[in-house]
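Report on the following structure.
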């Protein structure tokens, strides 16, 4: 597995923060690093396989990666990321207690993926741009300024994450997308889902199309197919079992949709004919 080292990304040995844009981020094999990072998805879509679990990521997704986590990107489509790198929560010169603002693992569950709405994403970009402008300066005031900006970024993300902000339709849509990640295999009635998240069906369609470029059903089908592709690569379950586990009641229909989406059959993926990078 590839290991990325801080010496190749941080501008100096005492820099606590570094900005690493990926515009775009291509498919990238599984790796880990000796630093931590906050991955901010600007726009586009892709699959982020994090510690073996696939997540669909789109504009507004924020992922917190620790130095012992392993992850990869696949099936990227114009996926643009900004990575905010930091050595460790306790390696800042002017800040202490940052762990309290970061996601915490509880009972083996780590809430690594958050979502923010478009207006918050704009504020995030402004903070990151300010940090980036100061990267070449190593004097104490500049270091303190970068660390203060990093603290502001953490506060903004925490206050604006879907866990703490459900006041507008954009935030409720983000919660809906997170719900689909956990319930993609369920039979989905869009009228009922819209009601569940206090959205009109028209608003759900419009905002989901704006955020992902797909209609709700098309997004759900792609999510199911991506989960199925991951299982084909990383499990021994039969194609039929995988189809059912991912929400398809007809394995033939599943195979047709799968080939249409990926230009490969499920059997091709199982046999590694697509040349996927391990």
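Placed from the backbone N, Cα and C atoms, the Cβ positions cover glycine too.
Record features, source Swiss-Prot:
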type	residues	note
DNA_BIND	191-212	DNA-binding region
DNA_BIND	239-262	DNA-binding region
DOMAIN	174-272	domain 'HTH araC/xylS-type'
SITE	241	site 'Interaction with sigma-70'
SITE	250	site 'Interaction with sigma-70'
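There are 13 other Cβ atoms within 10 Å of the Cβ belonging to residue 241 (site 'Interaction with sigma-70'). Comparing residue 250 (site 'Interaction with sigma-70') with residue 241 (site 'Interaction with sigma-70'), their Cα atoms are 10 Å apart once rounded. Mapped onto DSSP helix, strand and coil, the domain 'HTH araC/xylS-type' (174-272) counts 72 helix, 0 strand, 27 coil.
There are 12 other Cβ atoms within 10 Å of the Cβ belonging to residue 250 (site 'Interaction with sigma-70').
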